[in-house]
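Novice: Pasting the feature list from TrEMBL:
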type	residues	note
DOMAIN	24-134	domain 'Sulfatase N-terminal'
SIGNAL	1-22	signal peptide
Amino acid sequence: MRACVCILLWTCLLLGKTEVYGHKNAVIFFVDDGGFMQSAYNNTVCDTPNLDNLSSRGVTFTKGYTSVSSCSPSRAVLLSGLPSHQNGMYGIQHSVHHFQSFDGVRSLPNILSQHGIMTGLVGKYHVAPKSVYKFDYMETSPIDQVGRNITHMSHLIRRFLEKANHEDK
């Protein structure tokens, strides 16, 4: 299986109108096998003005390392801050070999939610258990491949942002 390549990771701390809302927003992109097909990564063929704008107001990481080069373990490392041998996600998530994080792992979405920050996931999930990686808003399904339809994903992301705005989070 091809390794999960998380090549985009933008943490944008100055999105929105912080002077109006009194708080800052953060957007984190984990992209599987996305390649360097964004002009933020000096690609002169692909024109990505919206991603460039987002990148210019945040942080663009150009190097990333993981102890396990596959989807679920690398995702669990990014979401928990713990290497695989400490978070328990040793391989591609499934129940047959109990490839899921330990129940006591504290993940970024759970920590943020506990502090009143709304979290959302649209697209590929592929980590477990849900109690460890619980998002306030989730639109994902292995059956309909939410993460493979970029137009559908954009509508779901817009729905999440509208919900967050409505709840002032």
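The backbone N, Cα and C atoms fix where each Cβ goes, glycine too.
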Novice: DSSP-wise, what's the residue breakdown of the domain 'Sulfatase N-terminal' (24-134) into helix, strand and coil?
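Specialist: Across the domain 'Sulfatase N-terminal' (24-134), DSSP assigns the residues as follows: 32 helix, 7 strand, 72 coil.
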Novice: To what whole number does the mean pLDDT across the domain 'Sulfatase N-terminal' (24-134) round?
Specialist: 85
